[in-house]
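Straight out of TrEMBL:
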type: DOMAIN; residues: B:247-310; note: domain 'MIR'
type: DOMAIN; residues: B:321-378; note: domain 'MIR'
type: DOMAIN; residues: B:382-442; note: domain 'MIR'
type: TRANSMEM; residues: B:59-81; note: transmembrane segment
type: TRANSMEM; residues: B:101-122; note: transmembrane segment
type: TRANSMEM; residues: B:134-154; note: transmembrane segment
type: TRANSMEM; residues: B:160-179; note: transmembrane segment
type: TRANSMEM; residues: B:191-212; note: transmembrane segment
type: TRANSMEM; residues: B:526-548; note: transmembrane segment
type: TRANSMEM; residues: B:560-578; note: transmembrane segment
type: TRANSMEM; residues: B:590-610; note: transmembrane segment
type: TRANSMEM; residues: B:622-643; note: transmembrane segment
Amino acid sequence: VTLLSFATRFHRLDEPPHICWDETHFGKMGSYYINRTFFFDVHPPLGKMLIGLAGYLSGYDGTFLFQKPGDKYEHHNYMGMRGFCAFLGSLLVPFAYLTVLELSRSLPAALLSAALLTFDTGCLTLSQYILLDPILMFFIMAAMLSMVKYNSCADRPFSAPWWFWLSLTGINLAGALGVKFVGLFIILQVGWNTISDLWHLFGDLSLSVVTVGKHLTARVLCLIVLPLTLYTATYAVHFMVLNKSGPGDGFFSSAFQARLSGNNLHNASIPEHLAYGSVITVKNLRMAIGYLHSHRHLYPEGIGARQQQVTTYLHKDYNNLWIIKKHNTNADPLDPSFPVEFVRHGDIIRLEHKETSRNLHSHYHEAPLTRKHYQVTGYGINGTGDSNDFWRIEVVNRKFGNRIKVLRSRIRLIHLVTGCVLGSSGKVLPKWGWEQLEVTCTPYLKETLNSIWNVEDHINPKLPNISLDVLHPTFPEILLESHMVMIRGNNGLKPKDNEFTSKPWHWPINYQGLRFSGINDTDFRVYLLGNPVVWWLNLLSIVLYVLLGSIIAIAVQRGAHLPAEVEGLSQVLLQGGGQLLLGWMLHYFPFFLMGRILYFHHYFPAMLFSSMLTGILWDTVLQLCAWSLASPFLARGMYAAGLLSLLLGTAYSFYLFHPLAYGMVGPLAQDPRSPMAGLRWLESWDF
Amino acid sequence: MLGFLERPVVVTADINLNVVALTAVGLLSRLWQLAYPRAVVFDEVYYGQYISFYMKRIFFLDGSGPPFGHMLLALGGYLGGFDGNFLWNRIGAENALITQARLMLLESVLIFFNLLAVLSYLKFANSQKQRPFSLRWWFWLTLTGMACSCAVGVKYVGVFTYLLVLAVAGVHAWHLIGDRTLSHVRVLCHLLARAAALLVVPALMYLLFFYVHLTLVCRSGPHDQIMSSAFQASLEGGLARITQGQPLEVAYGSQVTLKNVFGKPVPCWLHSHQSTYPMIYENGRGSSHQQQVTCYPFKDVNNWWIVKDPGRHPLVVSNPPRPVRHGDIVQLVHGMTTRFLNTHDVAAPLSPHSQEVSCYVDYNISMPSQNLWRLDIVNRESDTEVWKTILSEVRLVHVNTSAVLKLSGAHLPDWGFRQLEVVGEKLSRGYHESMVWNVEEHRYGKSQEQKERELELHSPAQMDVSRNLSFMARFLELQWRMLTVKSDDSEHKYSSSPLDWVTLDTSIAYWLHPRTSAQIHLLGNIVIWASAGLATAVYALLFFWYLLRRRRCIRDLPEGCWLRWVLAGALCAGGWAVNYLPFFLMEKTLFLYHYLPALTFQILLLPVVLQHVADHLCRSPLLRSVFGSLVVAWYSCACHVFNTLRPLTYGDRSLSPGELRALRWKDTWDILIRKY
């Protein structure tokens, strides 16, 4: 089984020799690890770290740019990374085999499950490229396998194998969660299994409470403490490796950026307290909003007053610089004859844009996108404006009269005339606003991060500089922050209205695949699509399983007496199958609730579980049929025939559909001349 | 309340007195000065509007819930919402519930049906023990189902209570299956009766609500635009006035307007006008400089297109008309400019990955016209189906490039008059409604000359064939639109997050007297709010404690008492959980009043826990009397708070700023203080 799996996964692994689909992201992130530049991604770091490691060990030097799908690799060594993913992907099949064997104690069932996975074109395709999914699926299956193994050691508690499988489960859970947050579902499954296990032990009156306590502690250690430690350890490595400033900086807070060498906050020394005349940049506290920004462009006709735009901008730029001035004088506070005057909580100030000398201004005009808020503009000439330029600066949760600290004070700017609060709505302005984010003045005084800012850069020659090392964030802080940013990033991935998106109900029916590479008939095309025979069989099996399972459960509940053989089979079906069904449901149904954009490949972990369920189900059904037949010869014959036809059927369908995974050239399948034309069973398949 | 149900028959008279007294107090507190204020309060704006729609029988659409609640209000029965509250009114001093119940909003109706469902299920479970299949048994069982469907019919959040009742019923049914004293047939009868009453009856009632709704509102109204052309045509007035009597089958020479089926961001029609695409866009890309094709959200003479047979010259319908069928190749001619709908390998103005769609202008620059389109009827029943007005949903597939005509949803800049961009989508990835169009207005073209034709286009279309949509089709469409209609999640001054609700960190100002500072707020009685939360926590702790001890075979409670304790928890704590937790997943704007259904369940738990503590945990008489006095103290405390907050509940007394400030116990309460 293992050999066959490796053979199919490694066959033609080097084709196509260009970037396919999401390789452009994950390959790039692997390179970032090799180059040690900081980046931001919505998934936890372990998967990309492993890719980076595989690339590093196989001699890839991290110089390839991974710009867009279709770029040729040329002399760069990409086989190491692909080989690593294919290796993990190949291990899925033996894992499934062992799991089913353990659950059902039936060799044919295990063989059938393994065959379904080996001959599934979708699993094959997904395992052949530099993606997170093979790694994720590897950890999920490994966790499942070790959980099942450890369940079967339950009669010898605290023995060496018992400890081994228990801690292995914990390690794999950490791995699964460390690759993608989808790993949470397998944690739920293991958690459920553990709780019911403990409940069972607790009800066993022959065990003393102390023994039960020991069991509980062992599980807490191996399934909670151990994975958490490993999980945080991956982050520790992540932050240690990535210590250079890179494309991910802007997503993080000022304090976070101070860690990265090459960032202008790294080892910087700036004045600590704000004073009048200071030149500053103001950053919104909510993640991924950016700096308060203005530029020499006016709001277009019909959108509020025709004054200079004020936006937020994620990148560092001269137009992010503002000067703090007193509201009532226009004298230059940097004149050496004036004493230094610090800005205090509750002061009335004016913010002048350094490049254009316009004041931050707001008035009773509706904001461009958020209609219930007021518009914020740049107004006045050379700093002379009107009373609508006055803002009260407040430090959140402080007393009056306190000074304002750079980076650490969380400030709000309250417009004096209208009483509204400066904030960013986080909405993207249209073309005229250069797709920067909208800044508004909100009349709703509720405290949200959108309306809280901090001062990041600070230049004032009259003040002494202090070193910023004091504000080095602790490890738990950066851990928490990176999680917040990831969650926000995930929620931000929303589908647009007029775009076709994949829906969860499409997945089990194999409604539509994903194009990995190539569009036109001359391209080398790879199309991610499950083997329809396998998938539809899986779907049928789930329905059949639910039916059969409820019939047996009701029969047992009514107290019907089953013959011994049927009794054994139904035990396997209800318990082993039940665990797999739970796995399938846990890895599938939560997607219905998710608001983020979804893709077809999200279904694959669930598909692994449903294939294993199919194996168990058909083995049981065939055995039941064979048992009901009178003559033993006929029974054995029909059992073997049924099993063989299933195995051969999947193998033959794989032969038919293998070009999807290994690549095809020639006319598209819509074209009747194409060799694949007869295989386009659904109109929605566009390979 | 559960205690009431379990007591022997002897004390019935006493209980009835109780109920009557409580009802009186409940009604009094809710009806007190009901007519005041004589002004529109908060969401009454919306609901009042909907009711007047019913009175005028105008069609409308509200995303928050099915029509039953609105209908009930419109029936003039807003008393129906009040008299329901007596059921649980053991604590007659809950400010928030009173405020909510007094005003004309849907929540109180919802709470009434939620509680009715739970109550009747309990009654049913009781009679199950005594005499199954008796009249009483049937009555309570059907009442459960009906109350559930009413709850769902008022607001969709009622679904959660329905699911809870179903789950409890399911568990009971499972025990029933395991009861080996009953015969198979009898078990089957039990199951069938439950399925009929709890699944079939609610479904039928739900359909009935919509049936009544759709029969009542049969005129077109302000929300027509959201619905499909076919639906609109089934309403009186509006589109129906235009489409009534149109020819059904589209033929060569037909003059049509094409509406996009997706209709987002706004419903619009395929449109073209004299202006051309600018030679060079702002970002430096070039265009074909041909005539613009857009999607326009208003009726306009430029929305008319003529269906032409590529092989023949005339632009009129022949006699007899030759219908256009699925798979036919057609050309579309813009009525006012006589230019052909065209697309080619030029990037669209705003969606550079798609093709530009234009009306072809021949500049003699070796850019040939590519104006052949294949008609693809999406909802066809056979492959030779005729293209039908309104009913057929079609895709127009370009013959040369196999691009599909699509509404991209982007607004063109000023040169395109801010109309919507139409593109040719090359990589048509599956079916999406933005690529589907339907004929809305239609007539057979008669004039061959351009001048006459322009006159013809300006005149309204009138002919006669009428068609009607079946109720089920209308129901399904309406249901679908209700579930998918997106309310713009605008920030609201009084919106709050579910976390604020438990701790009562938020309030809603409903009404402020125009001159004085009398005002009405949705604000809870903080004592009851806090103790209900506490009761839930105590219940959960005790429950797990008992559960663990039972597992080790230590039985603190007698079996019957334990079962009652579990059932009470399942219904009350469960009711609270199912009505509260789902709000964490919702992305719409949330208000404090969304919490009230959950709160009522939580308050129900309070007496259960108190009773339990008094009966089982206070062992000595001394403890018991201490506990009793604590309860009395607590109750008077609650009454006192109610009394203090009363001006904000009834809004009948103007308070001075100082008094108002004193009432502002939490900084987060938005009590309005006038500046003098």
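Think of each number as a place in line: the chain as shown, counted from 1.
Glycine residues also receive a Cβ, built from the backbone N, Cα and C atoms like all the rest.
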Over the span of the domain 'MIR' (B:321-378), count residues by DSSP class, listing helix, strand and coil in order.
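Counting residues by DSSP class gives 0 helix, 26 strand, 32 coil.
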Under 8 Å between C-beta atoms and at least six residues away from its ends: which parts of the chain pack against the transmembrane segment (B:526-548)?
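For the transmembrane segment (B:526-548), the nonlocal Cβ contacts are 91, 93-94, 96, 502, 504, 556-557, 562, 565-566, 569, 573, 576, 599, 602-603, 605-606, 608-610, 612-613, 634, 637-638, 641, 665.
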Residues sitting near the transmembrane segment (B:560-578): Cβ under 8 Å, six or more positions beyond its termini, same chain?
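Non-local partners: 2, 6, 114, 118, 121-122, 125, 160-161, 163-164, 167-168, 536, 539-540, 543, 546, 550, 598-599, 601-602, 604-605, 608, 612, 616.
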Average the per-residue pLDDT over the domain 'MIR' (B:382-442) and send me the rounded value.
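Over the domain 'MIR' (B:382-442), the predicted model scores a mean pLDDT of 83.
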Would you kindly list the residues that approach the transmembrane segment (B:160-179) from elsewhere in its chain, counting only those six or more residues past its ends and only Cβ-Cβ distances under 8 Å?
114, 117-118, 121, 125, 128, 144, 148-149, 151-152, 187, 190-191, 194, 198, 202, 567, 570-571, 574-575, 578-579, 582, 597
